[in-house]
Structures are given as structure tokens and as C-alpha cells.
Amino acid sequence: MESDREIIHLQHRHSTPGGNQRHINLNHYATKKSVAESMLDVALFMSNAMRLKSVLEQGPFSQYYTTLLTLISASLLLQVVIGILLVVIARLNLNEVENQWRLNQLNNAATTLVFITVVINIFITAFGAHKTGSVAARTSSNPI
């Protein structure tokens, strides 16, 4: 063995149409997947920050102010935790046996938190953080 650590090479042989075989490094794939998920997390984070701004601008007298403030804050907090988990997952080497159990647990935790975040965001959308049309005009603090 090359080192004191046991390493499993997680490579998959993939046949191309010409019959050639190439190796797919699953650790590289997992890292790219984590980076892509992090980018989506950033987009959702920005969206929720804008929703939070909208709720705060409407003020505490809006119908669902406390509910939306709580849901958006919980979603933002979960997204930060998910982002940290994804960075940790991307930094650990899947090829090292001693990391595989930990990576599996971290991946399960991240997946669970993403599911909870999606459910929270469904409720945020249902309660609505944006007023439109004549309702917004009537409740605006800057009359026309």
C-alpha cells in the first residue's frame, strides 16, 4: 500500500461510443455536486434576503408579519448551516475510507436540512411576502 491510510479508488469505468474506456473520479464528481448545490443555496439566500426586506418594509402591522419574519429567519439560518455543511463535504476526500462514514452522515444531514428549508420556503410563499396592486398602494407609507 502507498500510505498508512487505506484508500479505496472510487472510479467507475465508463465506455464511450467509440469503445474507449475512461475513468470517472467520484470524489471529483461529489465535489462538483457540492459546489453546484452551494450556488443554488446562495441564490435562495438572496431571494429570502429580499423577502425579508419586503416584510420589514411592510412593518409589524401587516397580517402575517411575525409568521413571515420567523419563517424567513429560520430559512436563512438553515441555509447558512447547509452552506457550511456543503463546504465541509466538498473539502473531505471521499476516496479515504475513514472519511466515508462521516461524509455519508454529513450528506444525510445536508439533505434533511435542504428538505426542511424547502418546506419552510413553501410556507413563506403561501403566506406571501409581497403586496401587489391596489393593496400595496393603499398600505404604502408614501402616498402618491
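For all residues, glycine too, the Cβ spot is worked out from N, Cα and C.
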May I ask you to indicate which of 27-39, 92-104, 105-117 is given in Swiss-Prot as region 'Helix alpha1'?
27-39
Give the number of CB atoms, excluding that of Q105 (cholesterol binding site) itself, located within 10 Å of its CB.
10
Taking DSSP three-state, what's Q105 (cholesterol binding site) in: helix, strand or coil?
helix
Of the residues in the topological domain 'Cytoplasmic' (95-98), how many are helix, strand and coil by DSSP?
2 helix, 1 strand, 1 coil
